[in-house]
Ligand SMILES: Cc1cc2nc3c(=O)[nH]c(=O)nc-3n(C[C@H](O)[C@H](O)[C@H](O)COP(=O)(O)O)c2cc1C
C-alpha cells in the first residue's frame, strides 16, 4: 500500500502491530518489516512534540510511502503543542497519531512525557482532546501502562481508560506491566515487574466498545492468536525486532486471513536490493539499513554467519548490496 489507509482498515491492521521502539523502528526498519507483512500496523519511534513544534525537526516525520499503514507516536504533555504536532503528522499523511503514555526513560520523564502521565489522567484527556480537535478523520490513539510506581493497576487502569473513552479515544494499547519511574532502568522495566495479562483481558470485558490491544512479552504468533481470542489487537516489540520473520513472515496468512504465499527469508533479503541501492546512492550507509536485518534468519542454519558478515562489513566504506548476497545462508 502506498496510500493512506481508511479507518476501518486501520482497526483491522491493528490486530497485529509492531511497537514503537526508539532507535529501532526507524524508516529503514519499517520498510524491511513491511516486506514481510502487507497488513500489520507499524509504529514509528517516538517523536517529541517539542522537537517538531519548537525545533521544527520535520525530517523526523519522513517515511517511505510503502510503509502504510503507519502510525506516528508522539511524546508530549502540552495540549496546544501536541495539537500543533498532530497537525504536522496529519499533513504528512500518517494513518494514525499515537500518544506515548508508557515509556519510563529518564529523558522522557524530565520532559514530562510517557508513563509519568499515567499519574495525570485529566491532563492526558486534555492532550487527546486537543489532538482529536485537529486530527480530522485520522485516529488519535494512546499507548499506556497498567499503572506506575505505587499505583494500584486494578483501580487506575479502568479509571484511565474511562477518561480516554470520554475524551473520544476509541483505540488504546496497554503494555501489561507497571512502569517503575525510579530505581529501574528503562531496559529493566521492560521485564520487571511481572506482566498482568488477566487485568488487561478484564479491561476488554469492562470496555467492550474500546478497541484494546495488549502489549508485553509476546514471543510468537501462537501467542498472538491466543491473545486475539481475548483482545482486539496485539502489539509486539522486541520479538518483532529480533525475530522479525517469526512474527511477520506468515502474519498476513495467519492473522489477517490472506491467501497469498508468504515470501521466504531469502526473498525478503533480496527484496531489499532496490531500497538499499537508493539509500546508498543518496549518500547513506549500508549498515544503517542492515542493522535492522540481523535477526532475519534467527533460529535458522546460517544465522550466525549472516549476522557476522553484515555486522563486520556493512559499516565499511563502499559496502553495498553485494555484502547482503554474500551473507545469505546457502
Ligand atoms: C529499544 C526499545 C525502545 C522503545 N521505545 C519506545 C518508544 O519510543 N515508545 C514507546 O511507547 N515504547 C517504547 N518501547 C517499549 C515498547 O514499545 C514495548 O512497549 C515494550 O518493549 C514491551 O513489548 P515487548 O515485550 O513486546 O518488547 C521501547 C522498547 C524497546 C526495546
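Note: Cβ is positioned from N, Cα and C throughout, glycine not excepted.
The domain 'DUS-like FMN-binding' feature in TrEMBL is assigned to 18-321. Residues or ranges marked as FMN binding site in TrEMBL: 20, 21, 22, 73, 143, 175, 215, 216, 217, 237, 238. Annotated site 'Interacts with tRNA' per TrEMBL: 100, 187, 190, 304, in sequence order. Residues or ranges marked as active site, proton donor by TrEMBL: 103.
For the FMN site, whose binding residues are given in the record as 20, 21, 22, 73, 143, 175, 215, 216, 217, 237, 238, the maximum C-alpha distance rounds to 20 Å. Across the structure, residue 100 (site 'Interacts with tRNA') and residue 143 (FMN binding site) are spaced 5 Å apart at their Cα atoms. Sequence-distant contacts (6 or more apart, same chain, Cβ under 8 Å) of residue 190 (site 'Interacts with tRNA') comprise 177, 237, 238. For residue 20 (FMN binding site), the number of other Cβ atoms no farther than 10 Å from its own Cβ, over all displayed protein chains, is 26. Note: the Cα of residue 304 (site 'Interacts with tRNA') and the Cα of residue 217 (FMN binding site) are spaced 24 Å from each other. According to DSSP, residue 304 (site 'Interacts with tRNA') is assigned to a helical segment.
In terms of local Cβ density within 10 Å, 238 ranks first among the recorded positions 187, 238. Across the structure, residue 217 (FMN binding site) and the residue listed as 'active site, proton donor' are spaced 15 Å apart at their Cα atoms. Among the recorded positions 100, 103, 187, 190, 215, 238, the residues whose Cβ lies under 6 Å from any atom of ligand 1 are, in sequence order, 100, 103, 190, 215, 238.
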